[in-house]
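Enquirer: Residues or ranges marked as domain 'MTTase N-terminal' in TrEMBL: 16-132. Per TrEMBL, [4Fe-4S] cluster 1 binding site is recorded for Cys25, Cys61, Cys95. The feature domain 'Radical SAM core' is assigned by TrEMBL to 151-381. The [4Fe-4S] cluster 2 binding site annotation in TrEMBL covers Cys165, Cys169, Cys172. Per TrEMBL, the feature domain 'TRAM' maps to 384-446.
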Amino acid sequence: MALRFVFDMAVPATQKRFHVTTFGCQMNEHDSERMKGMLESLGYAEVGEAADADLILFNTCSIREKADERFISHLHQAKALKRGQRERIIGVGGCWAQSVKEDVFRQFPFVDVAFGPGQVHRLAEFLTSESLSAQGYFEFEGFTGHLPMKRAREFQAWMQISVGCNCNCSYCIVPSTRGREVSRPLGELVDEARAVVADGVREITLLGQNVNSYGRDLRPRVDFSALLRELDAIDGLDRIRYTSPHPKDMREDVVLAHAELPSVCQHIHLPLQAGSSAILKAMRRTYTRERYLDRVEMIRRHVPDVALTTDVIVGFPGETEADFEQTLEVVEEVGYDGAFTFIFSPRRGTLAGEMADDVAHEVKAARMERLVEVVQRRARERAQRFVGRTLDVLVEGPSRHDPRRLRGRTSHNKVVNFDGLAEPGDIVAVAITGATSQTLAGEMSLLAAATR
């Protein structure tokens, strides 16, 4: 989805202005925050509309076809804006840019600069160079250190612990756009966490394509659970989240961190993708249905109240009705607190992109509808366990549906809309009075002690 932050601010007419549109995952959101911080350090000011900007940037995603289509639609709008202001700069970053590389200038000659996810820092080099001729930057050069950052919320921060992925899922383009996995040193991460906490951050989300395999390339080798324990020891860091893990690497030591460490949130995102072992094999996921369910059992044995969410793809090449029924069975059995569901679309440069896309679109759509019904029903049933409890809620701001109420998030990553008086960044006790498949409702409690 495209993310846009709207600002109501006056910018001096002489100051250069920029606008960033972000598509895709949390990693892209983090990269966009780095771009914004870097641009402001160069004297640019952010504006809420592309039409008001001297520099229009797109941080792109190439995971699914619809993301490509949305981005290209936005890019053509930027082209029209450039016709009226030839000196306007258009930049394209992220995974789509990395997947097409120099072809971006052939397909869209009005683009001035293109860069992959490993070259965000090169944007500043381009903007400060004497000659602004079209340039592309696509080679990963290692971690770029502490670039300036403009966080969407002062009390929440992303922290990239690794880049790239060593898995070879047949449908996924990430290994070709972000490369092999490279971990950041443990000490560097702890130092960064301490610095952002000193700056007012209360919640950190750790980012990686496969966070569970963090540290295996470091010498001496470091385990992901060791990183969690180091971060939990930082005074003032109230919450630690992470995304995304791979089921094959979900080990007991990580699950025990959820059970034992107060700051590690009671939420695990455990991508399923399919409930059929045959389809999982075709996807090259390296686990079976049975092994996945064993992981779920281990997690719930140690952390009974954990919120489990997942990803599911329907209509993968070769998926039969029997295969899909097995996916529904797993979703029913596990009872996820939420799920991101996707219809398969072939991606250029992947093994699955070369397979026959042999599931008819109408069949995919019908299966998606059936899947969403089961996901929502089970999520609604799971959410009822919170009604009558009092939970810690990190206040994020006013409710999107009623600005007279507040909106926050529990350790379980459940959004809560509630009545009360508090400031963004506060952690308050909220008595839960109602639940839907996606959100909770409640009232701020001044007397009851909250649970995690």
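The backbone N, Cα and C atoms fix where each Cβ goes, and this holds for glycine too.
Automatic prediction, not curation, is the source of TrEMBL annotations.
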Enquirer: Counting all other Cβ atoms within 10 Å across every protein chain shown, which of the binding-site residues Cys25, Cys172 scores highest?
Expert: Cys172
Enquirer: Within the domain 'TRAM' (384-446), count helix residues (DSSP H, G, I), strand residues (E, B) and coil residues, in that order.
Expert: 3 helix, 34 strand, 26 coil
Enquirer: Can you name the residues of this chain that are 6 or more positions from Cys165 ([4Fe-4S] cluster 2 binding site) yet have a C-beta less than 8 Å from its C-beta?
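Expert: In sequence order, Cys172, Val174, Pro175, Arg178, Arg180, Glu181, Gln209, Asn210 meet the Cβ cut-off.
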Enquirer: Return the residues near Cys169 ([4Fe-4S] cluster 2 binding site) by Cβ distance under 8 Å, restricted to its own chain and a separation of at least 6 in sequence.
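Expert: The answer is Gln273, Met283, Arg284, Arg285.
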Enquirer: Determine the mean pLDDT over the domain 'Radical SAM core' (151-381), rounding to the nearest whole number.
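Expert: On average, pLDDT over the domain 'Radical SAM core' (151-381) sits at 95.
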Enquirer: Which residue counts does DSSP yield for the domain 'MTTase N-terminal' (16-132) in the helix, strand and coil classes, in that order?
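Expert: With helix first, then strand, then coil, the domain 'MTTase N-terminal' (16-132) has 57 helix, 24 strand, 36 coil.
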Enquirer: For the [4Fe-4S] cluster 2 site (Cys165, Cys169, Cys172), what does the 8 A shell look like? I mean other same-chain residues with CB within 8 A of the CB centroid.
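Expert: Once Cys165, Cys169, Cys172 are set aside, the remaining close residues are Cys167, Asn168, Tyr171, Ile173, Val174, Pro175, Gln209.
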Enquirer: Near Cys61 ([4Fe-4S] cluster 1 binding site), how many other Cβ atoms are within 10 Å of its Cβ?
Expert: 24
